[in-house]
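All remarks here apply to the structure that follows.
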Amino acid sequence: MLDISIAIDGPAGAGKSTIAKIIGNKLNIMYINTGSMYRAVTLMALKNNIEPYDIESLKALINSMNISFNGNNIIVNGKDLEEDIRMPIINNNVSKYAAVEEVRELLVSMQQNISKKYNVVMDGRDIGTVVLKDAPYKFFITASAEVRAKRRLKELKEKGININFRDVLKEIKERDYIDSNRKVNPLKQSKDAILIDTSNFTIEEVVDKICTIIKKD
């Protein structure tokens, strides 16, 4: 399979990362979770006490980060940060850092450079509208806020993180608002993206649907 790029966008907790990961494995192409990149920046910024408004420090921080992927895990400066970037404190802060124009510009540039070298499936908030505008396959994965909150709660409890449904739902709705209303590259469905509501479908059913569409071509 040559010169293929697949863009998968959607709100927090819609299942897009899990779906994109499986598709990458099925089609034997590189999977890039762009959300992990924003989470890694958020983690490093919090560790270094860098606020979202401290633009120059954020730019210097990102430029000092050597980002790569080992399978599905994000590696920064040689360290696997996959577990650290899934902590609730990152969930609560990532949208603030991801809304910073300079942060998005630097990470989008990294993502586009990767797509020029490899066949990729990328998931995020602005893949079909910004990062891979010319991707031949674009999908917008969504689900109701309540369904997404239940999924996120299950994930967190499986990791031993104790949190209640009301707090998770509140966080999901807050992230939806920030992601959809930020000035730079807000979350929105690309006009040529196929909308898939996963509320009443299993991950396997959604993956099969997407793979069928791709293989038709």
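Glycine is no exception: its Cβ is also placed from the backbone N, Cα and C atoms.
If you look up Swiss-Prot, you'll see G10, P11, A12, G13, A14, G15, K16, S17, T18 marked as ATP binding site, on the strength of sequence analysis.
Locations of recorded Swiss-Prot features on the structure.
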residue : record           : CB count, 10 Å
G10     : ATP binding site : 28
A12     : ATP binding site : 25
A14     : ATP binding site : 26
K16     : ATP binding site : 28
T18     : ATP binding site : 18
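Look at A14 (ATP binding site): DSSP puts it in coil. Within 8 Å of the Cβ centroid of the ATP site, not counting the listed residues G10, P11, A12, G13, A14, G15, K16, S17, T18, the chain contributes I19, D123, I141, T142, A143, R148, T198.
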